[in-house]
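Asker: Could you have a look at this structure, given as structure tokens, before my questions?
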Amino acid sequence: MGVIKAVAVINGNNNVKGSLQFIQDSTGVTHVKGRITGLTPGLHGFHIHALGDTTNGCNSTGPHFNPLKKDHGAPFDTERHAGDLGNVVAGADGVAEVSVRDTQIPLSGQHSILGRAVVVHADQDDLGRTGHELSKTTGNAGARVRCGIIGLQASV
């Protein structure tokens, strides 16, 4: 398997915007890199959601991508949704530099994330570690601030 590339553009009617590149290497590891601006400083939940449907904004992107029907967790946990990518950190300037490597978000095969949404949340993802009622499903990460659809990128 060769290198596969995809992109997601994050934009909308608020100040949050950005661009993310997804690169799956020949070993099956996908690297997500890019920049998101306009965020409030601090940690923000960062997930792949099941659907690429934005007819109702980011609210129609469905739950976290979870083909193996597991509980929510941290990116390094065995028990986690495939789409659980943890948090991105926005500095005092509201900019988050994203760099995530993961084996559970392939760009090809049965559990491909192509056509699904990447979502940035308003609050910190608790990584399934608190007693909050939403901890094991959403990480209690709050509202969906902005999202983008992951689409195949031309290999030039």
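Cβ coordinates come from backbone N, Cα and C, glycine included.
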Asker: Per Swiss-Prot, which of HIS111, HIS121 sits in the Cu cation site along with HIS47, HIS49, HIS64?
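Answerer: Checking HIS111, HIS121 against Swiss-Prot: the Cu cation site match is HIS121.
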Asker: Just to be sure I read the record right: HIS64, HIS81, ASP84 are listed as binding Zn(2+) in Swiss-Prot. Which of HIS44, HIS72 is listed for the same site?
Answerer: HIS72
Asker: Hey, for the Cu cation site built from HIS47, HIS49, HIS64, HIS121, who else sits with CB inside 8 A of the CB center?
Answerer: GLY45, PHE46, ILE48, THR61, PRO63, PHE65, GLY83, ASP84, VAL119, THR138, ALA141, ARG144
Asker: Tell me whether CYS147 (disulfide bond) sits in a helix, a strand or coil according to DSSP.
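Answerer: Going by the DSSP assignment, CYS147 (disulfide bond) falls within a strand, counted as strand.
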Asker: In sequence order, which same-chain residues at least six apart have a C-beta under 8 angstroms from CYS58 (disulfide bond)?
Answerer: HIS49, ALA117, VAL119, ARG144, VAL145, ARG146, CYS147
